[in-house]
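Annotation comment: TrEMBL describes 52-192 as domain 'Peptidase S54 rhomboid'. According to TrEMBL, the signal peptide annotation covers 1-28. Taken from TrEMBL, the feature transmembrane segment covers 58-81, 93-111, 148-170.
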Amino acid sequence: ARGRLAAGWGRPPAAAALTLLLSVGASAPGLLRGAPAARSAASLRPAALRAGEVHRLVTYIFVYEDLISLTCGAIIIWYFAGSFEKNVGTVKYCFLTIAFAILSALLYLLLETVVSRVSKVEDAKGFMPVAFATLGVSTTRSRMKRTLVFGVRVPVVLVPWFMLCIAWFIPRSSLLSNLCGLLVGEAYGLGYCFCLDFPESVGSKLDRVLPFSLLKRIPGLKYIPGSLAERRAFESS
């Protein structure tokens with residue numbers, strides 16, 4: 001039984017894998033056609049939002065405009081989204097991913113009107129703002145004081161800002177949207193967005209209803225339960 005549990009825990013988390021598949025599915029048609037306008041059809045563009053395309057508040061996290069960005073996005077999703085889902089459960093991961101995407105987008109749109117007056121602002125797209133939000137949550141709530149970064153011990157609270165500087169060099173990456181994601185994640189981690197939390201009992205109930213009940217049945221993927229006790233049982237196995 002322990003072997004089965006350990007093997008199950010080693011499978012990729014279901015929602016993170018679905019995020020990766022959605023990113024590939026949303027980006028691949030535009031990449032194959034080589035049409036920039038088509039590839040930007042779901043990115044977070046202020047003009048499109050003003051035209052009523054509110055779906056962009058979420059869909060932008062699945063959009064990439066070149067193969068290098070998509071590859072970087074896939075690695076980021078696999079690492080950050082997978083780790084975050086294992087920590088909070090599949091239900092809460094899905095909820096917080098959407099919440100972080102929307103809040104980061106709204107903050108980005110608010111700041112973009114000011115920043116664009118003095119500098120060109122890249123359209124927000126890709127999962128990176130949500131990844132920075134999850135990184136902000138984990139570092140603000142970490143019990144560690146210092147950690148190793150490239151062999152140098154630095155305060156944990158500085159790690160996201162160090163990563164933000166590195167992300168600046170990733171092609172097609174929007175520094176402003178990444179910053180907004182980090183600020184949203186740190187605000188949530190410090191307890192300023194407590195309205196986004198819900199009891200474990202609610203998460204456990206949602207585990208048994210659609211669409212989460214379907215995610216449990218996908219072969220090769222691991223559904224992470226909403227109950228902390230169940231998650232710890234998998235980890236200890």
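Even glycines carry a Cβ here, placed using N, Cα and C.
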**Message:** With helix taken as DSSP H, G or I, strand as E or B and everything else coil, how many residues of the domain 'Peptidase S54 rhomboid' (52-192) land in each class?
**Reply:** 95 helix, 9 strand, 37 coil
**Item:** Overall pLDDT of the domain 'Peptidase S54 rhomboid' (52-192), taken as the mean
**Value:** 88
